[in-house]
Amino acid sequence: MSLHSLIFFSSSSSSLLFSFFFIFIFCFSLSDAEQNPEASILYSWLHSSSPTPSSLSLFNWNSIDNTPCNNWTFITCSSQGFITDIDIESVPLQLSLPKNLPAFRSLQKLTISGANLTGTLPESLGDCLGLKVLDLSSNGLVGDIPWSLSKLRNLETLILNSNQLTGKIPPDISKCSKLKSLILFDNLLTGSIPTELGKLSGLEVIRIGGNKEISGQIPSEIGDCSNLTVLGLAETSVSGNLPSSLGKLKKLETLSIYTTMISGEIPSDLGNCSELVDLFLYENSLSGSIPREIGQLTKLEQLFLWQNSLVGGIPEEIGNCSNLKMIDLSLNLLSGSIPSSIGRLSFLEEFMISDNKFSGSIPTTISNCSSLVQLQLDKNQISGLIPSELGTLTKLTLFFAWSNQLEGSIPPGLADCTDLQALDLSRNSLTGTIPSGLFMLRNLTKLLLISNSLSGFIPQEIGNCSSLVRLRLGFNRITGEIPSGIGSLKKINFLDFSSNRLHGKVPDEIGSCSELQMIDLSNNSLEGSLPNPVSSLSGLQVLDVSANQFSGKIPASLGRLVSLNKLILSKNLFSGSIPTSLGMCSGLQLLDLGSNELSGEIPSELGDIENLEIALNLSSNRLTGKIPSKIASLNKLSILDLSHNMLEGDLAPLANIENLVSLNISYNSFSGYLPDNKLFRQLSPQDLEGNKKLCSSTQDSCFLTYRKGNGLGDDGDASRTRKLRLTLALLITLTVVLMILGAVAVIRARRNIDNERDSELGETYKWQFTPFQKLNFSVDQIIRCLVEPNVIGKGCSGVVYRADVDNGEVIAVKKLWPAMVNGGHDEKTKNVRDSFSAEVKTLGTIRHKNIVRFLGCCWNRNTRLLMYDYMPNGSLGSLLHERRGSSLDWDLRYRILLGAAQGLAYLHHDCLPPIVHRDIKANNILIGLDFEPYIADFGLAKLVDEGDIGRCSNTVAGSYGYIAPEYGYSMKITEKSDVYSYGVVVLEVLTGKQPIDPTVPEGIHLVDWVRQNRGSLEVLDSTLRSRTEAEADEMMQVLGTALLCVNSSPDERPTMKDVAAMLKEIKQEREEYAKVDLLLKKSPPPTTTMQEECRKNEMMMIPAAAASSSKEMRREERLLKSNNTSFSASSLLYSSSSSIE
């Protein structure tokens, strides 16, 4: 073979060999792709549980097509065929994170958001070194943020918001040097904000808000994050001052630190944040003045500083913030006049300065704010005239200036504000007539002009304002007749013309106002008969025409008003008999027919009004006959006035109306004895005088015992009965004491045996341990702490121990009493639902900031243990009674009550199925280090599903003094039972007394004692009585909420969601329109609650004989005042002390 041929052959062989090698490598790679391990991991993960068919349908992943880079949804791959992005959003998977994430070697983006992920964040996440974006937001993840994330040096975005993550923010996160976004809001994180975050100079977004337990000061090092555009720390417990270093954040656009515990002054350095657009610092404890440097923020659009303690005035420089759209400075202590420079803010849409101390006049320059939509100036000291120039604000929808010192007339030009929806100028000194043009505003829903000195007629144009929902013109000097055009107000639900000088008849057209819920025409000079069309208003809840000159008969058709809860016809000239049809008004709570010319007998049908609980006033009429026996059915009634009539007969029907607190039967012709009960023995002579045949001088005693079904007995019978009762009481008491002593002895003996047995069986039977959190201790460490010196409490379900474990943690351990069973072990395993299984089942499914954190449980055959966070301040009960409440000022008590209400509302309304606690009491509300409340002891907790609610229980549910009354006769437990128990706790917190307290006269229940004292400030704990008037007002409102909770009828109690809402609003109460945004409610529905609108003088509501001094009445009115809630309007109607809504 020639050399040339040899060389050619050698060259060809090499090429052929290289080709074969390339084909082999390609085939190997293809085979590797077909056996893609990443695809197998994802497929196995997706099918590791049973996703819903609807969720699974969104995935086209299958085991046959093992090439995710070509076909699979939610997956993106690199050109080499490796997965780089997993992007799954809003798909309910209910899975934990894949276990083998480090196997995804090229993964750069992992987004699984809104997917109901469960479990914890695995440490292995830190091995996905290529990750740039990690978004696991809006899931159900628990546990700590793993420290291993600090190894992700390429990470730019970390989004873990809206989970249930606990623990601290890892300081080592600062090692992620490329991090731009750190978003952790709405979790359960604790601890302080790491100072190390200041090392992340590239950080653009920090959002940590909504973590209530994050505390400490805002680190000044945050100012070193020079690229920061968003800083969100709202709704946390950060405290201290705002660091001046925030002024170094030249790129900052949003500063959101509201609803925290920060204090001190607003640093003037914020004026250096030239890019700032949104400044949210409301609901804090900031003091000092608004810095003038705020005027340097020329890009600022939203300035919210409401509910702080700011003083001084609004700086004139604010007019330089030419882009401002919203200003809210309400609920501060600001003073001075409104600067005229406000008129330079041409983009301003909302200007709210309510509830301050501003004075001076409304500047006319404000009319230059041509974009203005809301103008709220209420509750200040502003004087002078309302500028007519306001009529040029054609976009204005809401104008509140009530409770000021304005004078002059209402400018007719306001009628040019064609978009106006709500106008409230109440409680000023306005004069003149009501401009007729206001009733030409087609969008006006609320017109309130209460308590001024307006005169003239009600404009005939009233019928043109068809959108009106609330019209309140009370307490003015308006004359003339009510226009018939009122019948065109088809949406009106609240009509108040009270305390004016109106005369003539009420037009029949009022019956066309089909949405009316309240009519108040009291204190006028109206005459004629009550128009029959009123009876067609099926939704009417309150009808008050008292103190007029109405005559004729009371229409029998009023009986058709089944929604009516207050009917007040007193101080008129009504004649004839009381219609028997009123007995059909089953919802009536107050019936006042006093001071008329009514005759005939009291109809027995009034006894059918089962909800009549406030008052029945029939005084000062010409009624005759006897008290019908059916009146005894009014067992809820509080006030009864039958005085100044011609009634006769005995008082037997009144003997068993158990809830009566006020009774006046003076100046009648009653005869016989007085029923021998507590009410009659406490009556004053004035309530009985004028009855010549009652308790005549020939009788030895005025009191006789009334026995149901047997009438009145004589005095000798009463004496013998009392002696017999005393003898029986002594015998029963002695028997009970002996039984208790015997039971204690037996229990102690059994407990000693059980302790010995547990000690022995602890070695024989294996312990099982189920943690619900990440725990660093063993069962052995817990067991050795279960000794008598460590006992910190005993309850109906077990003994609670303090356990100091080796890692320095302190936890609380409840050792449950053994289950009481009948039968063998198999029957016990199958049938018994003791407190252990109830607590584990309940606590394992709930997480809330005001419910004690359940750490885990462990058990063997004889011993069952539950582990919780330890609460260093003990229980609410111990703080109130063992330490005499000295450490609890009003603010702390309020916070505890609100937190407990929110926790209980979570159990009732946010758990599926709802959870009834069954043993709410002061000792089951634990107090944390910062006096935050935690609901504890679910030993009697019961899951309530649709088939179980209201079912009779076989065990006593609750603790003595806290148990709802219906349990005694029905054995039924519902959420409303918890509401009652919570109401008792509120009374306990306010009064400082236990439910059954030795200091309460005659040993009556706390609820009854508070009711008897009718809202007097004297019921408050002595340490609270010296508080400010504003705080006293809050306390009396909370007391009123408590009385709603302890209503004897479960159906009449509010829900815990309503209670929490009422309590929350009491602290920030701004009467009817506190923080209302009518931009979001263009046409409020007719069902809007009315309690905040009703400021009726209580003296006009109840019989004169039942009224006390005006000071006492003001206290009682404060008692039930509350703001907007979903609770029924009727329950709070006529309870506000305010005359303005």
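Backbone N, Cα and C atoms are what each Cβ position is placed from, and that goes for glycine too.
Residue-level annotations in Swiss-Prot identify, among ASN320, ASN873, ASN320 as N-linked glycosylation site. Candidates ASN664, ASN776 were compared with Swiss-Prot; the annotation N-linked glycosylation site appears at ASN664.
Check Swiss-Prot against the ranges 16-20, 446-450, 866-870, 1076-1080 and you find motif 'Small peptide recognition' recorded for 446-450.
It is 424-427, from the ranges 224-227, 404-407, 424-427, 536-539, that Swiss-Prot records as motif 'Small peptide recognition'.
Counting every protein chain shown, 25 other Cβ atoms lie within 10 Å of the Cβ of LYS814 (site 'Essential for autophosphorylation activity'). Mapped onto DSSP classes, the repeat 'LRR 18' (490-513) shows 5 helix, 7 strand, 12 coil.
Residue counts for the repeat 'LRR 5' (178-200) by DSSP state, with H, G and I taken as helix and E and B as strand, are 5 helix, 6 strand, 12 coil.
In terms of DSSP helix, strand and coil, the repeat 'LRR 24' (636-657) has 3 helix, 7 strand, 12 coil. Taking Cβ pairs closer than 8 Å, the repeat 'LRR 14' (394-417) reaches residues 349, 354, 362, 370-388, 423-435, 437-438, 440-441, 443, 448-450, 454, 1071, 1073, 1076, 1078-1079, 1140 in its own chain, all 6 or more past its ends. Looking only at the repeat 'LRR 23' (610-634), the predicted model's pLDDT averages out at 92. Within the chain, the repeat 'LRR 6' (202-225) has long-range Cβ neighbours (under 8 A, six or more residues past its boundaries) at 161, 169, 177-196, 231-249, 251, 256-257, 261-262, 849, 930.
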